[in-house]
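Record features, source Swiss-Prot:
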type     : residues                      : note
ACT_SITE : H115                          : active site, pros-phosphohistidine intermediate
BINDING  : K9, F57, R85, T91, R102, N112 : ATP binding site
Amino acid sequence: MSKTFIMIKPDGVKNKHVGNILARIEKEGFKILGLKYLKLSLEDAKQFYKVHSARPFYSDLCNYMSSGPIVAAALERDNAVLHWREVIGATDPKEAAAGTIRALYAESKEANAVHGSDSDENAALEVSFFFKGNELF
């Protein structure tokens, strides 16, 4: 079993897709280890996305991710990172396969409903950013 980190972004929350996305998580066989509903401060968004700090979209990304509430979750299942990436689809919803979360719920490349860790190493870092050990079950 492995872990991944997922986030329902501000557009996914605003457009009332949280229930459908959480249901999909369970349907796909993930165990929810931890779940939080919160609003990132701009500083927290900058810290979380610091890996992208040299990229031209960094400022817009941080402003967007701190613009409204999000849902953060730590999940577990076999091949968790890879499976979640398959479930959510391509970053650009125009390129996302039919039936993926982004094909169903994303508005744009930035407002694409969900985030998912891209490696086991990043999953561990991202889970620890949002959850203390006693907050995971």
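Cβ coordinates come from backbone N, Cα and C, glycine included.
Comparing local CB density within 10 A for the recorded positions R85, H115, the maximum falls on H115. Between the CA atoms of R85 (ATP binding site) and the residue listed as 'active site, pros-phosphohistidine intermediate' there is a gap of 9 Å, rounded to the nearest whole number.
Reduced to three states, the DSSP call for R85 (ATP binding site) is helix. In this structure, the C-alpha atom of F57 (ATP binding site) lies 16 angstrom from that of the residue listed as 'active site, pros-phosphohistidine intermediate'. Spacing of K9 (ATP binding site) relative to the residue listed as 'active site, pros-phosphohistidine intermediate' is 7 Å (Cα to Cα, whole number).
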